[in-house]
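Visitor: Take a look at the following structure, please.
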Amino acid sequence: MVERAGGKDHVKVKAGQDFLKLDPGKQPWDDIGALLLDPSCSGSGIVGRDDMPTLVLPEKHAGFVDRPKSKKRKRKGLNLPTPAPEHPAELDEEIQLAEDQSGEKLRGRLEALSAFQLKLLLHAFRFPRAKRVTYSTCSIHAEENEHVVVKALNSPLAQQRGWRILRRDEQVPGMKAWDVRGRMGECGDLLPGSIQTSEEISEAYIRCNKGTKEGTQGFFVAGFVRDNVDGAIAEADSEGTTPRSSTRSSPSDEPDEEWEGFSDEGSTVNSMLMSIDS
Ligand SMILES: C[S@@+](CC[C@H](N)C(=O)[O-])C[C@H]1O[C@@H](n2cnc3c(N)ncnc32)[C@H](O)[C@@H]1O
């Protein structure tokens with residue numbers, strides 16, 4: 001995909017690695033300036049996934065009663081509507097599944113996904129020289145989008161390292177002009193003392209909705225920046241705590257969280273990891 005997009009001379013593909021197991025304090029990761037984080041999500045924004053239930057067609061042997069063949073229908077030239085099939089039990093099951101997806105099961109799935117997404121986002125914040133992180137999903141659910149971002153912003157890690165949202169007025173022209181922004185009501189409570197308001201943050205998000213005049217799939221993206229990385233590194237250097245210059249094997253210079261190279265047990269990661277120099 002990188003090659004097709006004409007990016008092979010600029011993007012190194014490091015396939016088959018678990019992002020959560022990378023130590024941000026070790027080379028070459030300690031030099032990364034920007035991360036594009038596009039993690040696994042529910043995919044609920046993808047047209048044709050959640051809104052296209054499997055169609056279970058009635059079968060003759062499953063109790064489906066054939067209509068007696070009408071003489072009228074045999075007549076040439078008559079364009080009669082197809083008779084509605086009798087409602088087979090299998091279709092009830094499909095309806096049941098669809099209902100589950102909007103209830104308990106969906107809630108549980110979103111909870112698990114958003115916890116994982118937050119883990120990934122916080123890990124991205126740990127790269128010592130990173131100045132930019134994008135976080136995107138093809139989900140329509142605020143749980144995976146606005147909620148994850150606000151939790152990340154409220155984390156001690158983001159606050160200590162100075163991560164904030166890239167405001168709409170700082171974005172490139174095309175993104176700044178895009179009208180569909182975050183859902184204000186879903187931006188949650190920012191911690192007191194936050195340097196940005198909920199209005200500023202929801203305005204900074206870019207959303208795409210499916211089934212609208214824009215012709216897009218469902219998508220969400222937020223940009224995070226931090227302004228004084230070099231100053232923070234210089235300060236840490238003078239205190240001898242810069243991850244680059246230290247020999248420690250874990251990047252946990254955070255008093256709040258111990259980094260242990262966490263990863264989801266049993267998950268197979270077949271993804272690509274892209275490192276992009278700023
Ligand atoms: C939405 S897809 C990314 C699509 C990609 N950006 C593209 O445009 O083709 C999410 C990817 O994240 C990968 N992933 C999930 N957890 C990961 C981890 N811990 N380390 C690396 N990749 C991971 C999944 O395997 C999946 O390929």
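Using the three backbone atoms N, Cα and C, a Cβ is placed for every residue, glycine included.
Annotations for this protein, taken from TrEMBL, read as follows:
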- 1-227: domain 'SAM-dependent MTase RsmB/NOP-type' (DOMAIN)
- ASP38: S-adenosyl-L-methionine binding site (BINDING)
- 59-68: compositional bias 'Basic and acidic residues' (COMPBIAS)
- 59-90: region 'Disordered' (REGION)
- CYS138: active site, nucleophile (ACT_SITE)
- 234-278: region 'Disordered' (REGION)
- 241-252: compositional bias 'Low complexity' (COMPBIAS)
- 253-263: compositional bias 'Acidic residues' (COMPBIAS)
- 265-278: compositional bias 'Polar residues' (COMPBIAS)
Visitor: Who sits close to ASP38 (S-adenosyl-L-methionine binding site): which same-chain residues at least 6 apart have their Cβ under 8 Å from its Cβ?
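Guide: Looking at Cβ-Cβ distances below 8 Å from ASP38 (S-adenosyl-L-methionine binding site), excluding near sequence neighbours, one finds THR134, SER136, THR137.
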Visitor: Tell me the Cβ neighbour count for the residue listed as 'active site, nucleophile', meaning other Cβ atoms within 10 Å of its Cβ, over all protein chains shown.
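Guide: Here the count is 21.
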Visitor: Can you give me the average pLDDT across the domain 'SAM-dependent MTase RsmB/NOP-type' (1-227), rounded to a whole number?
Guide: 82
